[in-house]
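Reading through the structure tokens given below for one structure.
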Amino acid sequence: MSAPKKVVLAYSGGLDTSIILKWLQTEYGCEVVTFTADLGQGEELEPARKKAEMMGAAGIYVEDLREEFVRDFVFPMFRANALYEGLYLLGTSIARPLISKRLVEIAEETGADAVSHGATGKGNDQVRFELCAYSLNPEIEVIAPWRKWELGSRTKLIEFAEKHQIPIAKDKRGEAPFSVDANLLHTSSEGKMLEDPAEEAPDHILQRITRPEDAPDTPEMVEITFEKGDAVAINGEPMSPATILTELNRLGGKHGIGILDLVENRFVGMKSRGIYETPGGTVLLEAHRGIEQITLDGASGHLKDSIMPRYAELIYNGFWFSPEREMLQALIDKSQEHVTGTVRLKLYKGAARCVARWSDHSLYSEAHVTFEEDMGAYDQSDAQGFIQLNALRLKLLSARNRKFNGS
């Protein structure tokens, strides 16, 4: 394959992608167009633009994608109550499809030969970026420098940056920072002492969540209103998707909610450890589960729960644009037609707890479930036949076992 003449680079302005920008220019002698997505990572993006200009980028795209990110990616995922391996809210995974989508679109708009990313050859992101890109354009070339160059460690990367006078960010203690990924849904931290799972993560790693021990001593109540499975208002005030998640991040972070220390199984086969901060997402998940409790019938809810692990795994592994994810999404979205109503939660020292929920679409019938007189709403004698029919199989099995086992 001939060397590319123009490459669109997913560019954060950080150490890795700044080195990649320089490397692409020198390795291929090509033009590099940078694309920086504002997904709510909380950073000022103008420095990334200026850095790209300083390093000779042929074109620079900086786009605010926060609303699209939450509306078209985060919210559909939360309709499923998706958790990878029962714990991880998929904050990094769900951002990759949107970034890949815009990379491919910009490549097509600018006539670029290839796209490039800063994911390492050991991680999941390389798979996610590339599977998404190929799903959208089967002819696109993807350049993954970490799988090509000799800079095989963060130490060598820093040495390269110093040699080429590329600025290196430092943390508040004057050290190179953890490997961090951030967006409106979460912040993840990896590397350094976190690579030893037997060592407790230091408190200074937290960037958006107060330590639960330092959170307010007074609980705070918050009400979240849903329409067809998506949050639409907080405390009665309608808000856009990104605004809702921003406000829930503020509330959850204030009360120490959403810290996860996780050792997970990467798609590429190894285990890795990360510290995940997902304040708003943790609150939103508890609220969504709360409204489903009264609006979703039992069989539908159990079916939905049974497919959730597979759905979460597809997102984690980079198959957002696959037909199987879309088929599962159609089932999930169908289940949300009546998931409309309001949930009240109590936020307190690391926990978000649903304490009340109500809806015009509720299936909860106090007349049927009451311990008091139900005025004929439920005939308890109906349970006799129900039990006998369900017991028939068990009785037949038991009779056979007694016949052949003598007991």
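Every residue, even glycine, has its Cβ placed from backbone N, Cα and C.
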Candidates Ala37, Ala95, Ala107, the one Swiss-Prot lists with Ala10, Tyr11, Ser12, Gly13, Gly14, Leu15, Asp16, Thr17, Ser18, Gly118 as binding ATP: Ala37
Candidates Ser179, Ser240, the one Swiss-Prot lists with Tyr88, Ser93, Asn124, Arg128, Ser188, Glu264, Tyr276 as binding L-citrulline: Ser179
Length of the line joining the Cα atoms of Glu264 (L-citrulline binding site) and Asp125 (L-aspartate binding site), in Å: 14
Among Ala10, Ser12, Gly14, Asp16, Asp125, which are recorded as binding-site residues, the nearest neighbour of Ser188 (L-citrulline binding site) by Cα: Asp125
Diameter of the ATP binding set by C-alpha atoms, the set being Ala10, Tyr11, Ser12, Gly13, Gly14, Leu15, Asp16, Thr17, Ser18, Ala37, Gly118, in angstrom: 16
Residues that sit under 8 angstroms from Tyr88 (L-citrulline binding site) by C-beta distance, when 6+ apart in the chain: Leu260, Leu262, Glu264, Tyr276, Tyr316
Cα-Cα distance linking Asn124 (L-citrulline binding site) and Ser18 (ATP binding site), given in Å to the nearest integer: 21
DSSP three-state assignment (helix, strand or coil) for Glu264 (L-citrulline binding site): strand
Spatial neighbours of Ser93 (L-citrulline binding site), counting only the binding-site residues Ala10, Gly118, Thr120, Asp125 and Cα distances within 10 Å: Asp125
